[in-house]
Each structure stands twice: as C-alpha cells, then as structure tokens.
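Residues or ranges marked as ATP binding site by Swiss-Prot on the basis of sequence analysis: Gly170, Asp171, Arg172, Gln173, Thr174, Gly175, Lys176, Thr177. Per Swiss-Prot, the feature site 'Required for activity' maps to Ser363; the stated evidence is sequence analysis.
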Amino acid sequence: MKEEVLGLPIEKIQEKIKEYDFSPRISNIGYVKSVGDGVAQVSLLNAAFVGEIVIFESGIQGMVLSLKEDSVGVILFGRDEYVKEGEVVYSTGKILQVPTGSGFLGRVIDPLGNPIDGGGLIFPEAYVPVDNEAPSIFDREPVKEPLYTGIRAIDALIPIGHGQRELILGDRQTGKTTIAIDTIISQRNYGTICIYVAIAQKRTNIARIVQTLREYGALSNTIVIATFPDDPPALRYIAPMAGCAMGEYFMRQGERVLIVYDDLTKHANTYREVALLLRRVPGREAYPGDIFYLHSHLLERAAKLSRKLGGGALTALPIAETLAGEISTYIPTNLISITDGQIYLDTALFNAGVRPAINVGLSVSRVGGSAQPKGMRQVAGRLRLDLAQYREYAMFLEFGTELDMATKKKIERGRRIEELLKQGAHEVQSVEEQIITFYLANGGFLDNYPVEKVKDVVIKYIAYLKLKYSSVLTLLREQLELSDQIIYQIHNIFQEFEREVYANPSNPQA
C-alpha cells in the first residue's frame, strides 16, 4: 500500500510541487488601525479601490467603502470582535461576487449565498458581481407584458408590467409586505422566478413568510435572502444588491424575475449608519449625499430586455415605510421619483377594515393600460369612471343632500365596486376571474344584491362556472378578451345561476 500524505498519494503531491510557481509575488497588505461597530480603518492599503474585497488575518472578509489619505474604511462581513488592532489585511484586487443558480430556489440564504435554513449545501451555477451597470436604452424594450399580482385593486387600477419598478409605501403595519407576498404567491401559476430580500427583518417575520410561501406552493420558485437586525451592517447593506445580481443572472437567461426589497427605508438607515461610522460628511437627515444614487442605481437595473438579449425581465417591488402617512420625507420622495409608480397604503383605510388599504387616489402606475390585457382594459376603464363618480357624489351624502335616482344609482354601483376591491390576505385571484368579477359589477348584474353580499355572489358564480362551464374560463384565459361569444355566455349563465342558486333573483336575501 502506497504511503499517502494529506489524503493524496506521494506521486500526486510531487506533481503539485512541480506545478507550483515559486517566483516572487507582489501583494498589497495593510494593518488594522481601529475596529468597531462592523467597520475597520486600515492603513497602508494604498492601491485599494472602492468595492474591493479584502481579507483579514483572522479570516474575516470585508469590502472597501471609503478612501482617505492615510487609511481606507472597510465594512466587515463578519463579527468585528474577531478582528484586532494591528492585524494584517490582504488586498485581493477583486470585487464582491455572489453565487447564483436554480439550486437556490426554495432556499433561505444570507446575502453572500450561504444557506441559513439548515437545508444543506447549495451548488452554484455561476458567480456574478454584486454591482452591475443597468441595461442601456438600446438593450431594453417597452414594458408591455402584464405581471398579475392576483390583487383586484392593483391589476385593474394600478397595473404592473414585467420590467417595471413599482414602489409600495405606507406606515408600519398597513399590509405592505402582504401585498408583496401575495404577488409572489400569484406568480406560481406563471413561471416567474421570485426573489424576496428581507433587510433587517425579525427572525419570526422571516419564518412566517417562508411558511406562508410553502403553504401556498410558492416557495419552490422563490429565493429568500434574509438579514436580521443584529447582522453586521455590511450584510444589511449589500443584501438588495446581492438579490438584484442573482435576479439579473436569471433575466439574462430569458427568464421573468420578480424581486421584492423589504424594505429600502431600513436599507437607507443601514447605509446612513455605515457612512457615519466611516466619518463621511452627512447630508439631509444625516444621510450621505449619494443615497439617491445608491437607490437609483439599484432600481435602474430592473428592465425588460430586448429580444436579441433573450427577452428576459426583472421587475422590482421596493417597499418604503412612511411615518404618520407623510410621503414627502426624504427617502419616500427619492423612491417615488425613481420608480414607475407607487401603491400607497392608507392607515385610515386600514383601520376602517379595508384590505388591502390602497389609496387609489394617491397610487399610480406610469405604465398604465399598456401592461394590461385587452379584457382587463375593457372593464377597468368603466371601473375607474364609476369609482371616481361614486367618491364625488358620496361627498354630498355627508351633508344630507337629496339626490336624484340616477345619482343614487351611481352611488349604489360605486359601493358595490368598492366592496369588490376588498380582498383578504393571500386570496389571490386569476386574471380571468378578475375580468368576470368587474364585468358583473359594471354590467349591473349585482345592483339588486345588498352590498355585503356581492362578494359572496361573485364567489358562488365563479365556482358555478368552474363546475359547469369551465370552458368559458379557459377561453377567457386564452383570449384575455371579452369577445361577443364570452359576453353572451356570461349573461346566459348568470341568469341560469340565479335561477338555481337564488330561487327569486328579485329577492336575493331569501
């Protein structure tokens, strides 16, 4: 039996020695001047550049984030208690790269790609730079392909398209994350790859979100990138960029990708913390001067690529938190100006029991109807008009004004539409079911039913269609248009449905 050293035969070791290059190497090294709060000041790293990865003698990695005449500021990807003053720091000349690939789907990882769900090792398909240039104008296509959230109020009134950036903002505990999670759940039927980036979120919240995605069958096409409040600032800082880099990998393979940043307010606070520790000059609200660039550079990477580049798309849903409903503060206004629209969640509506608590008046999608199928455009235009008229006329009711029959009818129609826009958490609805729902509302089919019963009527009618006339739903799903044939069938089937389910349509309470 041949003698072995370090698990290798002697012959193999001798071959390795012959292959080894013993010529001198020039390496740039420095020494730790000070360390604390996840940041180290390193001297003598004269050739360092911003974004460069350095390795400490203790094995901790860091990234250069500021340059001074006599030192460089490094943020640490590990605990700073393992780094000591005077410790040697080695320059690598490389930028940060993260692993990515289909093996990460269904897993919970940290921003560096390390699994934190106890599920074993992940074998990456590639390593991609965290910081990439956004696709140029010539590499993009207009946003036209709809991304269905499964939420009626959004798909009808604030449509989102693949490649768009739509901000979700509102006060704490108003349902921002719920909208994002429902959108991810809705993508399980459309083959969209989803990435959920949790920035400084509680472990209990992450566990609940992962469990929800698993229960609704959406975890298998989702990567969860999680950072916690007690993580080093460096991990919280790079989390959205790492998630974006992973999403870009799939986008360039022609895939449709949805990424959620939850939330960029916490990310801005992390960057402010890091910048102050690095002694950068503070600006408005003590944020560093390049905070706008940081977020715009991140969100500009979302795109719908041209066909010559594979036609993939990366859609971004950044989340921002407001304070006392004030959307004119620094970070929210920055993000509103960067994105292609916003969904504003109103605390007053939330407290009144409206779910989702979307303030339609302050919400907008700058892509608009171009990201809606024809069938949805057919019903959404009338829907907006009826809803706007209802809110205008409803003001007169507060003063006890007597109204004519036509106005009263519009108010009653508006009440039913408003009721149909309410939707519970995780109750996502397919686009064909939404089109039928709003067609019934616009067409007056629900006018004879009490407001509190209209949702129940629609649910029963769609169940009736699935049971007896599934071909109508299939045809609408394929055409995504309310053709004369489909409209004729909807009318006839609804009359039949009323006869069978409600013996006396004129007295539906019976």
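Counting begins at 1 with the first residue displayed.
Keep in mind that glycine also has a Cβ here, set from the backbone N, Cα and C atoms.
Overlay of Swiss-Prot feature records on the structure.
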residue : record                       : contacts (Cβ under 8 Å, 6+ apart)
Gly170  : ATP binding site             : Lys176, Glu321, Thr322, Gly325, Tyr344, Leu345, Asp346, Thr347, Ala357
Asp171  : ATP binding site             : Glu321, Thr322, Leu323, Ala324, Gly325, Leu345, Thr347
Arg172  : ATP binding site             : Glu321
Gln173  : ATP binding site             : Phe350
Thr174  : ATP binding site             : Leu345, Asp346, Thr347, Phe350, Ala357
Gly175  : ATP binding site             : Leu345, Phe350, Arg355, Pro356, Ala357, Ala425
Thr177  : ATP binding site             : Asn205, Ile209, Asp262, Ile319
Ser363  : site 'Required for activity' : Leu157, Ile158, Gly341, Gln342, Ile343, Tyr344
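The ATP site is set by Gly170, Asp171, Arg172, Gln173, Thr174, Gly175, Lys176, Thr177; from the centre of their CB atoms, other residues of the chain with a CB within 8 Å are Glu321, Leu345, Phe350. Under the three-state DSSP scheme, Asp171 (ATP binding site) falls in the coil class. Other Cβ atoms within 10 Å of the Cβ of Lys176 (ATP binding site), summed over all protein chains shown, number 25. Thr177 (ATP binding site) carries a helical DSSP state (H, G or I).
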